[in-house]
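The annotation transmembrane segment is assigned in TrEMBL to 48-67, 87-111, 143-165, 177-199, 205-226, 288-311, 323-344, 351-369. The feature domain 'Major facilitator superfamily (MFS) profile' is assigned by TrEMBL to 51-393.
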């Protein structure tokens, strides 16, 4: 059995190399024709735009479920009879993050096995189930179980959206399209805050807030059925003809051969640079892995999630109405995401990262200053609120 698997694998690798060599020869002959390189310009961004929007629904849902508990937590705790139980309230807020940990842990494995289209649909399924369970919950246990299901989809969604957008976008707009996922997260957050406004005045409105989230999840599962698979994943699976068809759908016929040649080169380079997990953790790649992981960890430790979950409570203690506060939070988050959209392809990722973390340092400094004895009580509110909004941007 092991020998047959090895033979099949070697046949696949030989087939892939033959395909790569054929493309290289064909591309070489095209470039050398009369010694002239024919330039056909960039493919239209419009061809892949709709598919980027579909994938961004996963990020929209992530943002929505981050913020949906903000305005509704008080009503939920009253209706499900755990009002005043800070442990129960904390679990309702945070258990989705536990589900998110599970989802993100297995996201790479799921994509490698079934591809992006089916992985997106698997992401949408627990969100539909979890939203329905949360909306119909009769007690704390039902709400926690529903939030856990939702969290599993939340863990899958952002990773899938980021990778899919990267692999189906034309290179010249890849940074701009990559920002769409963050904008979608911001729009999801704003939508949950706006929809949640009537929750404190209208009995049972919080259930509507959860039912609403099932709609974009169902649309994600449906529209992914008509979206192209990632050409990179198809090529890796040895389905070169399907990868060509996907490129034709995403870029247009004239760009297929060039895209396939570029893909074959990256695949060949990937074979030469394949590394084991142990080499990522302890080899010469460990520095890059450490820096990337630390940046993400520090971003979370900055307290940004507390803004999404508890901004209503924080602003209320500062004497600011929850509606005004949440609108401000949503606008700040959206403006920061929109700025990244405009600047990503102009300034590059490194400059934006440095600027982003510098802004977070200033925001945390304002928060710390507001709690010190050096600031008067009349000004501490402005420093605290300003720091929170800057952190959210």
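These residue numbers are counts, starting from 1, taken along the chain as shown.
From the backbone N, Cα and C atoms, a Cβ is placed for every residue, glycine too.
Nobody curates TrEMBL annotations by hand; they come from automatic prediction.
From a predicted model like this one, the values you see are computed outputs, not experimental measurements.
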- Note on the structure: Tertiary contacts of the transmembrane segment (177-199), defined by C-beta under 8 angstroms and 6+ residue spacing from its ends, are 48, 52-53, 55-57, 59-68, 70-72, 74-75, 158, 161-162, 165-166, 169, 205-206, 208-209, 212-213, 308, 323, 326-327, 329-331, 333-334, 336-338, 340-341, 344
- Query: the domain 'Major facilitator superfamily (MFS) profile' (51-393): mean pLDDT?
  - Reply: 83
